[in-house]
Each structure stands twice: as C-alpha cells, then as structure tokens.
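Before any comments, here is the structure.
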Amino acid sequence: MGTGTEHLTQLGQSTALPASPDKAVLETVPNPHPGTLYLVRFTAPEFTSLCPITGQPDFAQLVIDYAPEGSLVESKSLKLFLGSFRNHGAFHEDCTIAIAKRLVAACAPKWLRIGGYWYPRGGIPIDVFWQTGPAPEGLWLPDQGVAGYRGRG
C-alpha cells in the first residue's frame, strides 16, 4: 500500500537549487486529516531576493499560515522554491504575493495568509500582507509573532 508520496521528486534526493521561481516545483503530499480544521505555519526567517533595479540583496522574514484541505505542501520543495528567489529580481510586494499564489495553486488550501516582513532598504521597511479571504470560523490563528521594525528603538 502506498503512502501517497511516490510521486515526490525532491524529498530524499540530492536536489539542486532551482535557477528561478518559475523553474521551482512545489510538491504536495496527502493531508492525513482532511476533515479537520487546523493551521500549518511555515516561517522563513532568512528569505532573500534581489532588487530588480539595483541588483542589491533584499532580506525578509516570511510567515506563511494555511488551513489545508486535501494536500499539504511538502517542506523540502517549499525550501527549494523559496531559495530560488535568491538570484531573482523582484520588488518586495511581487515576491510576497507570488509566493502566496503559487502555494494556493499547488495545494488549494481552505485558507492561506502570508506576512512578508522586509528589512529596511533606504531606511524604509516594507511589510506585505495578503490572504485568500476571511479565516475559517473556529480556526486557531496565532499572531504571526513578528514585531514591527523599531530601528534603534
């Protein structure tokens, strides 16, 4: 009897970092609790991309929360997908929303939200927030736990 993971191509394999987000493959596994309302959180505290104009590096902490339906995002494929932005030029808003939309397309969750907490460039931090809609009633939704940027406090 299979586990529903036979199709995975990255987990358990030596896998090179994709050249770009477009080339990255997000894989999913079956949700073992499809009738249960629960939250999955991924935190990427060292996300990087490039400014599309200057080529300078941009850094963010991403917090991704989703309520799965039939599938879960396989975490190694997510790690590789996020890493593929390292040499990708895009503005903060584009990176954050593109990540969320790719996740929605990959696993069709009941609900998803993303917080992109970008570190200052030119003295201005940019925080980007997006969600698919209102959170399902009864979903335990903890605060994302990222304090607003305070500079020297």
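Keep in mind that glycine also has a Cβ here, set from the backbone N, Cα and C atoms.
Note that the coordinates shown come from a computational prediction; the quantities given were computed from them, not determined experimentally.
Among the features that Swiss-Prot reports, active site, thioimide intermediate is placed at CYS51, with the record citing sequence analysis. The annotation active site, proton donor is assigned in Swiss-Prot to ASP58. The substrate binding site annotation in Swiss-Prot covers VAL73, GLU74, SER75, HIS92, GLU93.
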Inset, instruction - Report, in whole Å, the straight Cα-to-Cα distance of the residue listed as 'active site, proton donor' from HIS92 (substrate binding site). - result: 8
Inset, instruction - Starting from the Cβ of SER75 (substrate binding site), draw a 10 Å sphere and report how many other Cβ atoms land inside it. - result: 13
Legend entry - the residue listed as 'active site, proton donor': secondary structure state under DSSP, collapsed to three categories: strand
Legend entry - Three-class DSSP secondary structure - VAL73 (substrate binding site): strand
Inset, instruction - Sorry to bug you, but what's the C-alpha spacing from VAL73 (substrate binding site) to ASP58 (active site, proton donor), rounded to the closest Å? - result: 25
Inset, instruction - Compute the C-alpha separation of CYS51 (active site, thioimide intermediate) from GLU74 (substrate binding site), stating it in Å without decimals. - result: 28
Inset, instruction - Which residue among the recorded positions CYS51, VAL73 has the fewest other Cβ atoms within 10 Å of its Cβ, if you could check? - result: CYS51
